[in-house]
Amino acid sequence: MSMGSRYAVKLTTDFDNPKWIARHKHMFNFLDINSNGQINLNEMVHKASNIICKKLGATEEQTKRHQKCVEDFFGGAGLEYDKDTTWPEYIEGWKRLAKTELERHSKNQVTLIRLWGDALFDIIDKDRNGSVSLDEWIQYTHCAGIQQSRGQCEATFAHCDLDGDGKLDVDEMTRQHLGFWYSVDPTCEGLYGGAVPY
């Protein structure tokens with residue numbers, strides 16, 4: 001299955017970049033639901049399925065599809081069920097995931113983040129028009145707890161609306177998240193409107 005992306009992204013990694021490290025440290029702490037300095041796949045799935053999907057009103061089928069994508073994505077970074085992962089293990093797992101995902105993207109192959117994006121868009125695209133509006137984006141980010149202010153949501157939306165049509169498609173979101181989380185693409189700086197560093 002080919003991604004067929006319309007958008008180029010920086011394909012080289014910069015794992016020593018303080019911005020890349022700060023972004024992932026922020027998310028590690030955000031995802032550490034019980035604040036014990038360790039995370040596991042149980043916590044990811046609980047947050048994704050029992051909190052976010054439930055708040056968004058996802059169907060059982062949508063929740064199962066989304067959960068599989070979360071399992072595959074975070075599994076790609078080395079997370080497992082019932083096995084705690086520390087920060088050093090987490091960041092090393094992200095290095096492996098980033099390399100693998102960028103390699104897939106460079107070959108026009110489907111990435112785990114794209115599969116997750118497809119599953120997520122199916123849930124948040126409430127009017128079923130194949131794109132996400134600003135209001136749909138705001139609802140999702142509030143349910144996920146990533147962004148709380150409208151300004152942060154609007155900043156991310158504008159940053160991801162690469163074709164300037166006032167709506168987001170999954171290709172735009174995938175491209176920006178590849179650049180932000182994997183390669184520190186300078187065109188992706190400020191992606192989360194300040195909710196996530198840099």
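Placement of Cβ uses the backbone N, Cα and C atoms for every residue, glycine included.
The average pLDDT the prediction assigns to the domain 'EF-hand 1' (19-54) is 94. Under the heading domain 'EF-hand 1', Swiss-Prot lists 19-54.
When secondary structure is read from DSSP and collapsed to three states, Glu43 (Ca(2+) 1 binding site) falls in the helix class. Annotated Ca(2+) 1 binding site per Swiss-Prot: Asp32, Asn34, Asn36, Gln38, Glu43, in sequence order.
Under the heading domain 'EF-hand 2', Swiss-Prot lists 118-147, citing sequence analysis as support.
The feature Ca(2+) 2 binding site is assigned by Swiss-Prot to Asp125, Asp127, Asn129, Ser131, Glu136, with sequence analysis given as support. If you take the C-beta of Glu136 (Ca(2+) 2 binding site) and look for same-chain residues 6 or more apart in sequence within under 8 angstroms, you find Ile124, Asp125, Lys126, Asp127.
Feature annotation from Swiss-Prot assigns domain 'EF-hand 3' to 148-183. For the domain 'EF-hand 3' (148-183), DSSP puts the residue distribution at 25 helix, 1 strand, 10 coil.
Under the heading Ca(2+) 3 binding site, Swiss-Prot lists Asp161, Asp163, Asp165, Lys167, Glu172, citing sequence analysis as support. Counting every protein chain shown, the number of other Cβ atoms lying within 10 Å of the Cβ of Asp163 (Ca(2+) 3 binding site) is 12.
For the domain 'EF-hand 2' (118-147), the DSSP counts in helix, strand and coil order read 18 helix, 1 strand, 11 coil. When the alpha carbons of Asn34 (Ca(2+) 1 binding site) and Glu172 (Ca(2+) 3 binding site) are compared, the span between them is 33 angstrom.
Secondary structure at Asn36 (Ca(2+) 1 binding site), as computed by DSSP, is coil. The most densely surrounded of the binding-site residues Glu43, Glu172, judged by C-beta neighbours within 10 angstroms, is Glu172.
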